[in-house]
Each structure stands twice: as structure tokens, then as C-alpha cells.
Amino acid sequence: MSFFGLGPSSPASIYLLPLKAERPPPPHLLRRPWHMFRTILDPGSDVVLKWNRVFLVACLVALFLDPLYFYLMFMGGPACMSIDPGLGIIVTFFRTVADLFYLAHMVLKFRTAFVAPSSRVFGRGDLVRDPRQIAMRYLKKDFVLDLAAMLPLPQILIWFVIPAVSSSSANHTNNTLSMIVFIQYIPRFLLIFPLNERIVKATGVVTKDAWAGAAYNLLLYMLASHILGASWYLLSMERQYTCWLTECGKENGSMNMPMCNPSFLDCSNLELPERKAWMNATSVISSCDATSSGVKFNFGMFSDALTDEVVGATFMSKYFYCLWWGLRNLSSYGQNLTTSTYIGETSFAILICLVGLVLFALLIGNVQTYLQSSTVRREEWRVKTRDIEEWMRHRQLPPDLRDRVNRFVQYKWLATRGVNEDSILGSLPLDLRREIRRHLCLNLLLRVQFFSEMDDQLLDAICERLVLSLSTKDTYIVREGDPVNEMLFIIRGQLETSTTNGGRSGFFNSTTLRPGEFCGEELLTWALTPKPSINLPLSTQTVRALSEVEAFALQAEDLKFVANQFKRLHSKKLQHAFRFYSQQWRSWGASFIQTAWRRYVKKKLARELAKQESLYYSRESANAIPFNDNAPLLAEYADVGDSALGDTTESSIRLGTTILASKFAKNTKRGANQKLKRDDPASLINMNVPMLMMKPDEPDFSFTEDNVE
């Protein structure tokens, strides 16, 4: 049956056919997300290292949250204690989130390989990836500690145990909760040390930045102050409750007074008639008032909390006051504390003194270490600068040399920041060192047009052997006639090259080299010689820095090695590029063209002048000019015999030549007495042609017969 008039054989009906069902993916692909949880992780992998850092932050947050349970109890009324349910809900929620990180850390430990102890004889060792062995090792070693730190004991106590016990008072509930939090705080605190050790063992440091390391140690010190302040608040509340309970025990119903029931000290019984009647006649409040000077009960170091009414303030107010109290006494080792004879109070004061002494020493030492690590290079440079100054003063160097030395030291510090790059690269593998050299040098090296004609293999070989060369202003890198021991390729700055063409008098040529150009090409000629001499070539130029110059230097032995190992350096293409970009060849070419042009102009002017004077005197001789007896003889100036003048039937060309020679002699004698006029064409002929610059030595590019064109 057709659909909309289209039969089954209609061409258009193929678009209405059902699509072919795709093959379902294989089962192992469907299980891929779960398969990731069964993967054994390398303890040195990036995933494990990142997780350790995240878990370290989670542990610090958990250590911050647990002491907040100590702030739950507060004075909810006259002579009664209560628990803040809102604060309990907030703290419990965030603690549950922190407990999930502990649980995830336990799961991850079951899937993390470990290094077999027997394989640590050489190198890193062999990883054990058997899940059974990993699980057995973890259960025997760290499982109990991690489980004790992970259990949500405060949540179970608050939301399940305490509501089931109807007769529990606020003080009893707070004491039980504080004891459980304190007991579980010990494994959570001990868990920090192996975690910190694993991070340092894998990466070398906890934080890469020195300032972050100092902030990390300061954060640990603040965490200790936070714990101390919360404990002081909890003990203050306990001390206040102890006073109430002691005075309440004295009111036993004698002398027509209402009997004091300890349950009256709980704010849940605040509206009971018996308590109201007791409040009208009791002396518990006045006997436990820390603000009164006549109170017999000694509150000791906890009087500040009760005097300043910290126990009845809002949470933020009492938290920051307790944090300040803990930080102050931890930094002063508890020297300002005034304690009673109560053993628990004196023990707490002793603990403050010892912990403050240890933590403050660790804080100062670690912060100083981290801060010094950020300025160690600067301090080394300062000491080195001082030593150089003392040495120059001891050797009595002149002020100009001192200024040049100081400028160079300062410029080197700005360029390298005191880091020895060669020592860093020398400790790396060859392949990694080659990649770093290529990254650092290749883009700068390609600015030199001569290198843009080379292939990648040759460039890599040159990059491996390049060293950074720094030169300050007015520094002479090489002088004419000195041996050339390196070839410089300018990256930044300008150099001035000058030559006297081997010391010839009256010859001087000067040019400026800019970024992308090079000098010391005599070394390339020496390196390309099949059997180079032991002696280095002599420089034909004097090179001086016009400003601060950063350049790459290629030493003589390195250039010789590259020339011998790579045939590409002997190609005709590089030969033409070398001649084109070489400043020495450019100077020689300019000198050659200038000399040839002046010779051409001189010959051209001489021919024009000879032609014009020949025609002129030919016309004069045709007009039969009489012979002048006073005319100088040609023999006096041209050193020819009398026979040269005897023949009067010579052709007009010979006559013109004779007259031309006479004219040159007259001009020569006249030039001894007066200056030649600039508009006289004959004066250009008598000018000295400039001396041609010596042709540079041409490199031997004929390394093989089948050179690469």
C-alpha cells in the first residue's frame, strides 16, 4: 500500500523507510564509569597529588569546625544553662560535609597502589597494583585511624542519643558532646602529619610559593589559637556551673528556705513554680557573681569571661573575644594568667605555656625559612656586589672601571635574577634539555636572517650550544687583530663595527649592527676549513657595544663541531646567505663598487676631455696658427726626444695627443701654486682612487661533491 501516492518502488519512498537500528555499544563501554572506580591509581599521579591537597584543606576545615561545638552552651537566664540549637544545626551540617571527604579518602586509599618495600634498593621501586594486597596493607596500617576520624559521632549523639534520653540536662549533654568531640579530635589531628608528609615526599614542598608557605604556617598557628579560645570558653562555662552547683548544695531546705534542686540550673525548667519560688529566696546568684569582689569562689583565669559577660553574648562576639584571648596567651606563653589552686585550671595553664612556646618557635622558624627562600637570590647578589666593591677598592681601580663593572653586575642581575641557567639545564636529560633550549632560543634565533635558511636539525644542534652573552654600553667585545673565539648573534641592543683594513693609513669604515645581525664571521670561515689551524682567526673589525646588548654566543669549538657534523652547513644556499648577511662581505662589496665606479668615472671624464681637446686643437691647426716661441717644449714635460717634434706631417690625432700632454703638464704646474677649481673636469682625473678593501677569506663550502643546493 502506498503512502501519499508513493509506491514501495518509488524513488521518493526511500526517505520513508525506517532507519537501520544501530548496534548497541559493547558491555565494557556501558560499564566504563564504574570501571574507573576499579582502576588502581599511581600514588605519584596528578590525580592523587591534587586530591591530597584538596583533602588537606578539608582536614583543616574539619579541625576548625569541631571546636565550634564548645560554643553550644550559654547562659539562657539567671542561674541556668542552655544549648543553642541553631548553632548546633549549622555546625553539624558542615561537619557532615567534611566527613564525606574522610569517607572518600578511605575509598581512594583502597584503590591506590603502593611501593613494595623490598624494591626500594634502587630508584623509586616497584608499584604493587594487586587490589587484595593493597586492601590488606591498608587494613593493617591506617584503616583504624581513618575510621576513627571519619565516624560522625557528634551527629549521632545530637540527633539520636540525646533526644532519646529525656532526663539529660544541658550541662550533662554539653559535657558528653565535648568529650566525644575531643576524643575524635585526636585522630583527626594526627591524620594531618602523614598527609603532609606524602605531599612533601611527592612534590618536595607543601606550597610552591614562599608567601603561601608562610601563610600556611600562620594559619596553623591561628587554628591553635582558635582551639585554645574555644576550650577556655568551655571551661569557663564549666567553672560557672560548678560554682552554682556548689552553692546549690548548701541550700538543703533548712531555716525555712526552699530546697535547691540541681535541675533548676537547666533553662528548660525556667518556668517551674518551684524554681520561681527558689529564685526569690536563693543566694546562689550573688555568691557566684564574678563581678563582685566579695565572692569567695575563686574563678582564676576564667574570671575574664564571666566578668565581661562573654558567656551571655552573641556567638560572633564571644567567638572573636575567645580567639583574641587564645592568640594573646599563646603568643605570651600564658605569662599574664592568674590561676587558682584548682588542679584542672593550673594544668590548663601549663599546657598553654608549653604549647605556646613550641608553636611560636615553629611559626617563627618556618615563616623565616619561607621568607628567606624568596629573597635568597637577592641576598646572594647583595653579598657578591659588596665583595666586588671591596675588591675594586682594595685594588684601587679607577672610577670609570668601577662604574663599568657595577653596570655589568647590575645588568646581569636584571637579565638573569641571579639564576645560573647552565647548572639547571645541565642536570636535565638530553631530550628535555634540547626541548627547553629550542623553546628559549629558536624564536629569537630565527630573527637572525642567516639562521632562517637552515633546517630544523641544524637549528637544534646550534640551539644546544648557544650561551647567553651580556654586554654593557661602551664595552669592546673584540678589537681588530685579536683572536676571535666566539660568534655573536644580536637579540637586543646595537653594536658598532669599525675597521682600518689591516691598519692602512687613511682607511676607516664603520657600520652599526642591529638585532637580527651577527659578527665574528671570521670564525665561520675558520670552522669550515677542512683542516683548520689550531690558532684562532684574527678579527678584522673592532666591535663595541653602543647600548646594553643581549646576544647569543657560539663558541669556536662548538661551531667547529657543528660544521663537521652537519653537511647542511656546507650548502650553496647557506654560502649565498652568508655572503649576503655578512657585514664584512657587505663592506668589501661596497668598497669594491665604490672603487670601480670612481675608476669608471675617471676614465670616462678623461676620454671626454681628450675628445673635446683633440677636436679643438685640430681646428686650430687647420687655421694655421703661428708658432709661439715662448710655448713650452713637450720634451720638458713628457721626457721625449727631439725627433718626436721633427715630423710636422703627423696626423691630427698625434698632434692632439701631444697638445693634450702639454695641457696636462701646465695644469700640474699650476696646481702647485693655486687650488684646483671644483668645476674643472680635469681635476677629477687627478684625484686618487680610494684603496680597495681587502677581500675577506671565503669559507670552504666544498665539503662534499654532492652538496645540497
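Even glycines carry a Cβ here, placed using N, Cα and C.
Mapped onto DSSP classes, the domain 'Cyclic nucleotide-binding' (450-533) shows 19 helix, 28 strand, 37 coil. Residues annotated as domain 'Cyclic nucleotide-binding' in TrEMBL: 450-533.
Remote same-chain partners of the transmembrane segment (54-74), defined as residues 6 or more beyond its termini with a Cβ less than 8 Å from a stretch Cβ, comprise 81-84, 87-88, 91, 94-95, 98-99, 101-102, 105, 154, 170-171, 174, 177-178, 181, 184-185, 188-189, 191-192, 195-196, 199, 206, 219, 223, 226-227, 230-231, 233-234, 237, 311-312, 315, 318-319. According to TrEMBL, the feature transmembrane segment maps to 54-74 (among others).
Sequence-distant contacts of the transmembrane segment (86-104) (same chain, six or more residues past either end, CB-CB distance under 8 Å): 54-55, 58-59, 61-62, 65-66, 68-69, 71-72, 146, 149-152, 154-155, 158-159, 315. Taken from TrEMBL, the feature transmembrane segment covers 86-104 (among others).
Sequence annotations record features per position, and here TrEMBL assigns transmembrane segment to 143-165 (among others). Non-local neighbours of the transmembrane segment (143-165) in the same chain are 66, 69, 88, 92, 95-96, 99, 102-103, 105-106, 109, 173, 176-177, 180-181, 184, 187-188, 190-191; each lies 6+ residues outside the stretch with a CB under 8 Å from one of its CB atoms.
What TrEMBL records for 177-195 (among others) is transmembrane segment.
The annotation transmembrane segment is assigned in TrEMBL to 216-235 (among others). Under 8 Å from some Cβ of the transmembrane segment (216-235) lie the Cβ atoms of residues 60, 63-64, 67-68, 70-71, 73, 174, 178, 206-207, 301-302, 305, 310-311, 318-319, 321-327, 329-330, 344-345, 348, 352, 355, 359-360, 362-363, 366-367, 370, all in the same chain and six or more residues away from its ends.
The transmembrane segment feature in TrEMBL is assigned to 310-327 (among others).
Counting only same-chain residues 6+ beyond the ends of the transmembrane segment (348-367), those with a CB under 8 A from a CB of the stretch are 213-214, 217-218, 220-221, 224, 228, 231-232, 235, 301, 329-335, 337, 339. What TrEMBL records for 348-367 (among others) is transmembrane segment.
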Confidence summary for the domain 'Cyclic nucleotide-binding' (450-533), mean pLDDT rounded: 79
